[in-house]
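Each remark here refers to the structure printed beneath this line.
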């Protein structure tokens, strides 16, 4: 089924220019949204807790900053870009008490709304504008007169203008220059979590560690194992990112291509796909989010223990040593003000 696409001519920038936008959070996406909204002629304020380390940066970049509660009280469009695990508390304590009929509540990711951790009042529009790229790229593309593709979704639309408002917001951050895809909170949330857990983060990490362990256990130097399964991964992913699987195989040697075709299905087989389906079901039925919330409420003990275990893996030890030799890595990303 083809998804509905929107571009510059489909969005009216004046809609969001006639609203007051409060951006809650100033991380990767928060800074990109706030600065680009401002540059598009939108009234914008940033909501951060007193004492937040990001406050001086916001002020240096010429934006107004106040507490989340005061920003929510001032705004009639509130974009929630705080971390997923902090959003429900911020909503309950700072945003919800200050929402007015006719306001709009926007999100950059649908998790909290889709799984019922945030339940907006019925007289407020609820929509999502989610750029498919990190904040520094969103901002850089905007400054260059281009844009990053976005997803938009409308979950609640009491006045019938939710989509037009979301598209206007997307235009203000450059999204309609590249293209905006209409989706749902359900589809965005579940596909995002599935991709992270089975491929992008969880699956890739475990594949890399397993390959490293097999080579080291077979007697090969850890340094060579690191180069072959982790360092060179970026080269392959960049090729896929630029032109798909065909571009990747076109660019590698015939030996690598032939070996990949033969051996890849032996590593990722029907059993792997079935376990991926199990993970998808756990996402869909809320089991994963239940575990996430329970860990947050328990002080993130499981997350901290898993982080500790990961940091102690031998691939991290040898990787640190090798990356110290590479002058082109581990440099901070430059933000475009």
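Backbone N, Cα and C define each Cβ position, glycine as well.
Listed features, source Swiss-Prot:
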{"type": "DOMAIN", "residues": "3-183", "note": "domain 'KARI N-terminal Rossmann'"}
{"type": "BINDING", "residues": "26, 27, 28, 29, 49, 52, 54, 84, 85, 86, 87, 135", "note": "NADP(+) binding site"}
{"type": "ACT_SITE", "residues": "109", "note": "active site"}
{"type": "DOMAIN", "residues": "184-329", "note": "domain 'KARI C-terminal knotted'"}
{"type": "BINDING", "residues": "192, 196", "note": "Mg(2+) 1 binding site"}
{"type": "BINDING", "residues": "192, 228, 232", "note": "Mg(2+) 2 binding site"}
{"type": "BINDING", "residues": "253", "note": "substrate binding site"}
Checklist outcome for this item: Using DSSP three-state counts, the residues of the domain 'KARI C-terminal knotted' (184-329) come to 122 helix, 0 strand, 24 coil
Checklist outcome for this item: the residue listed as 'substrate binding site', Cβ-centred 10 Å count of other Cβ atoms over all protein chains shown, is 9
Checklist outcome for this item: Per DSSP (three-state), residue 87 (NADP(+) binding site) is helix
Item to check | Nearest-integer angstrom distance between the alpha carbons (Cα) of the residue listed as 'substrate binding site' and residue 232 (Mg(2+) 2 binding site) | outcome: 14
Item to check | Pairwise CA distance, residue 87 (NADP(+) binding site) versus residue 109 (active site), rounded so that it is a whole Å | outcome: 11
Checklist entry - Which recorded positions (26, 49, 54, 85, 109, 232) fall within 10 Å of residue 192 (Mg(2+) 1 binding site) by Cα distance? => result 109
Item to check | For residue 49 (NADP(+) binding site), nearby residues of its own chain (Cβ under 8 Å, 6 or more apart in sequence) | outcome: 67, 68
